[in-house]
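Look at Swiss-Prot and you will find 145 tagged as active site, proton donor/acceptor. Annotation source Swiss-Prot lists active site, schiff-base intermediate with substrate at 173. The pyruvate binding site annotation in Swiss-Prot covers 57, 215. The site 'Part of a proton relay during catalysis' annotation in Swiss-Prot covers 56, 119.
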């Protein structure tokens, strides 16, 4: 379910449901748009709320600026308004993030995803000013993205509370893995912003404490299953949501046996959705007992009828 502007987490939120952090297929070191458009169609048919191109899972750090801009434009054209496009436009340079955001807005995205600045390790005040500046240059709603495991900085709930007063800041992808922090965040800003899980394995626990969805990696391969999990919970069918969660719990872990998106890219290749290419410094998934187990577990889920 997708809502229009002027909403909040308690009623009719702007961002809720399943947003797929979509992979970027490559062929001969160029974006493989034939495969990519088929992936988008798979997501639309599954009923996801939206896709997130140019994010971590989409290998944004190794996309050139022209590829980044083109991929967002092509995504908007391809989905034709059937689902939302929330474009990754983050950077550790505030100026660059603003430029990427302004370009994405002009190309017709529904929202932008802005990650914590990485490497330069700003203070909480620096984070506040960074995101405030980006939001002030955005014509669409902004989803903050807190992932300290990759950025080395943690966007604290108190800082998010300050940011919730900024007009375009409407949502947050929370990938700390800390349910305590997530609960505090929702208690502080839940009437102003939506909070979505940035970890597939915490989707159900976060829903239980007031979250409204997930920005998912696994939904690249199993979009319908993740939609069913979230919708079952929202409809009060808790047993059904729990069953899906536990059926996928091993995959949720194995999908991160190596750095994301290495495992999901391999999985998508195994099932014929893209080629095996991944850009350096990332390398193809190691062929070992764990990766063999990953493939076997995925095949088992397919045999159970999950899509």
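Glycine too: its Cβ is placed from the backbone N, Cα and C atoms.
Features as recorded by Swiss-Prot, highlighted on the structure.
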{"residue": "56", "record": "site 'Part of a proton relay during catalysis'", "Cβ neighbours (10 Å)": "23"}
{"residue": "57", "record": "pyruvate binding site", "Cβ neighbours (10 Å)": "22"}
{"residue": "119", "record": "site 'Part of a proton relay during catalysis'", "Cβ neighbours (10 Å)": "8"}
{"residue": "145", "record": "active site, proton donor/acceptor", "Cβ neighbours (10 Å)": "27"}
{"residue": "173", "record": "active site, schiff-base intermediate with substrate", "Cβ neighbours (10 Å)": "27"}
{"residue": "215", "record": "pyruvate binding site", "Cβ neighbours (10 Å)": "31"}
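If you take the Cα of residue 215 (pyruvate binding site) and the Cα of residue 173 (active site, schiff-base intermediate with substrate), they are about 7 angstrom apart, rounded to a whole number.
With respect to the residue listed as 'active site, proton donor/acceptor', the closest of these recorded positions in Cα terms is 173, chosen from 56, 57, 119, 173.
For residue 119 (site 'Part of a proton relay during catalysis') paired with residue 56 (site 'Part of a proton relay during catalysis'), the C-alpha to C-alpha distance reads 15 Å. Cα separation, residue 57 (pyruvate binding site) to the residue listed as 'active site, schiff-base intermediate with substrate', rounded: 14 Å. A straight line from the CA of residue 56 (site 'Part of a proton relay during catalysis') to the CA of residue 173 (active site, schiff-base intermediate with substrate) spans 12 Å.
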